[in-house]
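For 306, 333, 350, 450, the entry in Swiss-Prot reads Mn(2+) binding site.
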């Protein structure tokens, strides 16, 4: 939630001089009460800031330009208290580059049947003023969201809050820097993609670094800093005998701490908030970064394995979106299946890199064990399971002419049986609507084998994100029917081809 404290959403009231000073004074007074009420009672993640009433095209244009250049402003929330002729908004909306939410509300909840007169009617014109504003948005093909409801309604609060989270994530996306240590895993297709196209679409940049650049920083870490981090490990986790003092793999734990400190310093020095590694590019490192990656994800960094920069960026963006919510968000991979009639399950995991924010255990196990991939020393890692609850897996892929997001809703379950020989963190879930349908749909749509797994975010967040980023979205949930899903793939292909002309 700390990420949101410095951010603002500007609350903008549109009107016109036609109504006279007394009506405009009352509009301003009502707006102040609405903003104060929302800030105090709606549990919104981002503060609303009331801006001066805009009544002319020049005022609207100036405000939109100002919003573009204020880094702490993540978007505009507009309310048409009275009628605001929408031609006045064309100039401002033409230049606006921040997310826009139209709050279709009114000051009073109910009609004052006994006292309502024409003065009241002229003051409270959201019902048609909002439609005028909506027309110009549609006419300009302006991507904006609409929330309808009274400003004291809890459902409206929830929807505004979700929009704020997505707006903050989009702001993060525009300034995000992703570091790739090494390259993509050789011969893997889905982790490739158009980095220039991604920067144009999402705003984030992706830069490659040789392992020598990283190892130079890792090698410079002092023994004192390593010892201090080891003390933190011993307080936070259940260490196995192998990594305790004088244990057979104690040095592996010391090496992991050194890698963590070096990676974090490298990322901080470069202003990176997401990164990738690749087990085929480990020259100069003593082990594949496992514990380091897990702990950096827990601190909010995005990560993708095998050079998967799209998933690394998406994880960081979703972590920002989920700030302060219960439940965690992690890098994930569908690893293996349990095909059992009536109990089909997916075991999600990775070689090492699963984020502890999704851990069920308060103190995960910390161990160093053999890893047959990478050809390095036994890597340290945290081992835990994941609590039951509603979850989702999200993936962004490059289709060549567009970016496609897939979201599969899943139901995470308690681990049904012990896994005494599995030395990695994991989550176990039932895919919606079934493993058979979900896997077939995912494969038909080209979904990646890497995903972002979240128990903090829901489909509303992801749908909003796709809409506000203007990317394709395919949802796999309990409503999915394969013949309809295949039709959607065909229709989308035509739609996006036409849109690209």
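Every residue, even glycine, has its Cβ placed from backbone N, Cα and C.
Within the same chain, residues at least 6 positions away in sequence whose Cβ sits under 8 Å from that of residue 450 (Mn(2+) binding site) are 190, 191, 304, 305, 306, 308, 311, 331, 332, 333, 395.
The residues near the Mn(2+) site, meaning same-chain residues not in 306, 333, 350, 450 whose C-beta sits within 8 angstroms of the mean position of the site's C-beta atoms, are 304, 305, 308, 311, 331, 332, 351, 353, 449, in sequence order.
Residue 306 (Mn(2+) binding site) falls within a helical segment according to DSSP. Reduced to three states, the DSSP call for residue 350 (Mn(2+) binding site) is coil. The Cβ of residue 350 (Mn(2+) binding site) lies under 8 Å from the Cβ of 305, 331, 332, 333, 335, 424, each of which sits 6+ residues away along the same chain.
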